[in-house]
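Here's the structure, in structure tokens; my notes come after.
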Amino acid sequence: MSDNLSLHGTTILCLKKNEEIIIAADGQVSHGNTVLKSTARKLRTIANNKIIAGFAGSTADGLALFEKLAVKIEQHKHNLLRSAVELAKDWRSDKYLRRLEAMMIVADRSHILILTGNGDVVEPEKNVAAIGSGGLFALSAARALMSYENNLTAEEIALKSMNIAADLCVFSNHNIIMEKVV
């Protein structure tokens, strides 16, 4: 069985509503068709919770990229956009980094960014982004809830969307962890 299944075996969702920014992740770690762990933490904070990152893909690769992003953020005085672009440049040009199999969503008060395995930096539309095998389910649910359920908070939308994704994606579970950008 190919290890490529582990590349997308998770759900990470980030959304902004009424100046509240939430990143959510499921807790399942899979290898092929086997669940290795159900309580993993796929979210990390930088700069006293001012920047939060979630990663999908190889755990070791995701952590390596997170560490490199943290260094860039310190170098560029907590400027997330510039740090992400500089990381993407390194990701594309470095022989070792090009082989990493991970994607990240990072957010601060001003930006939600997707960092792809190709070294792309994408700022999504409509204040919502998702990655991983359950990402499209979570993204669709969040967009629908944001459009039609005006009384829900960002946290409620994230939780409902993640639960829908976990119902549909066999590589995601209902052990949802959420972090709020402060």
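Yeah, the Cβs are placed from backbone N, Cα and C, and that goes for glycine too.
Remember, it's a predicted structure, so these values are computed and weren't measured experimentally.
As annotated by Swiss-Prot, active site applies to Thr10, with the evidence given as sequence analysis. What Swiss-Prot lists as Na(+) binding site is Ala166, Cys169, Ser172.
This view paints the features noted in Swiss-Prot onto the structure.
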{"residue": "Thr10", "record": "active site", "DSSP (3 states)": "coil"}
{"residue": "Ala166", "record": "Na(+) binding site", "DSSP (3 states)": "helix"}
{"residue": "Ser172", "record": "Na(+) binding site", "DSSP (3 states)": "coil"}
Counting only residues 6+ away in sequence within the same chain, which have a CB under 8 Å from the CB of Thr10 (active site)? Ala25, Asp26, Gln28, Val29, Lys42, Ala56, Gly57, Ile131, Gly132, Ser133, Gly134, Phe171, Ser172
Determine which residues of the same chain, besides Ala166, Cys169, Ser172, have their CB within 8 A of the center of the CB atoms at the recorded Na(+) site, and list them by sequence. Thr11, Asp26, Gln28, Ser133, Gly134, Phe137, Met162, Ala165, Asp167, Leu168, Val170, Phe171, Asn173, His174
Sorted by position, what residues of the same chain at least six away from Ala166 (Na(+) binding site) have a C-beta under 8 A from it? Thr11, Asp26, Gly134, Ser172, Asn173, His174, Ile176
For the binding-site residues listed here (Cys169, Ser172), tell me which residue's CB has the most neighbouring CB atoms inside 10 Å. Ser172
